[in-house]
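Notes follow once the structure below has been shown.
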Amino acid sequence: MPEGVPCGRRGAMLNVGLTGSISCGKSTVARMLEGKGAFIIDFDRLAHDVEEPDKPAWRGIVDTFGPDVLREDRTIDRARLGTLVFADRRKLEKLNEIVHPAVFEAWRRSVEEIRGVRPDAIVVSDFPLLIELGKQNDYDVILLVYIPPQEQIRRLILRNGYSPEEAIQRVNSQMSIEDKIDFADIIVNNAGPREQTQAQIDKIWTQLLKKERLQRKSAASSFQTGTIHKEREVG
């Protein structure tokens with residue numbers, strides 16, 4: 001376990017990494033899990049927060065990509081920035097180098113805040129680049145939201161108004177959804193009607209509750225064993 005990671009394995013909290021690829025419906029699944037009782041940490045929202053005007057990540061973006069990526073109110077124009085970086089993998093990597101350290105620190109703080117309120121919480125982190133960045137070991141469960149690549153493209157065209165070429169470029173700029181399957185503990189097929197996805201989430205939530213209870217029981221047992229060992233040493 002990497003040092004400094006606020007992972008559920010340290011206690012009863014269950015840390016779930018929710019991932020997928022562009023237009024797969026991670027936010028929809030996150031809302032369903034929130035409705036069941038999960039605490040949600042949205043990495044896109046964290047990125048927005050750390051990119052607020054005059055914060056270090058904001059300054060790094062402006063220094064690297066120029067003032068043209070700013071709106072009149074000095075906030076980042078994410079659509080314009082996205083057009084720049086998704087057309088050039090090196091620029092995308094540079095953006096990630098600027099933003100990710102601040103986002104990960106904000107995530108750690110969020111997890112610890114939840115732990116302080118609900119030590120037995122099920123925390124779901126909506127993290128698009130979880131697998132690409134090799135963060136699997138930060139989580140107790142990896143939950144992958146899946147739709148076929150052609151459905152990704154279709155949804156991008158309908159939802160975002162992209163041309164077919166733009167949609168294909170966005171999909172190809174990321175790790176293939178098919179390549180992510182082997183990294184997942186649980187897969188949600190989100191290609192069908194919403195009701196089918198909800199039915200899957202209902203079953204998955206039962207699994208997560210069971211895992212959290214087992215983890216809590218294991219943590220309590222470990223604590224008791226440690227206490228006994230200490231008492232023997234004192235004696």
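Cβ coordinates come from backbone N, Cα and C, glycine included.
According to Swiss-Prot:
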- 15-219: domain 'DPCK' (DOMAIN)
- S23, C24, G25, K26, S27, T28: ATP binding site (BINDING)
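Feature map: annotations from Swiss-Prot on the structure.
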residue : record           : Cβ neighbours (10 Å)
S23     : ATP binding site : 23
C24     : ATP binding site : 24
G25     : ATP binding site : 21
K26     : ATP binding site : 25
S27     : ATP binding site : 15
T28     : ATP binding site : 16
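What surrounds the ATP site, by Cβ distance within 8 Å of the Cβ centroid and not counting S23, C24, G25, K26, S27, T28, is the set G20, V29, V145, N190 from the same chain.
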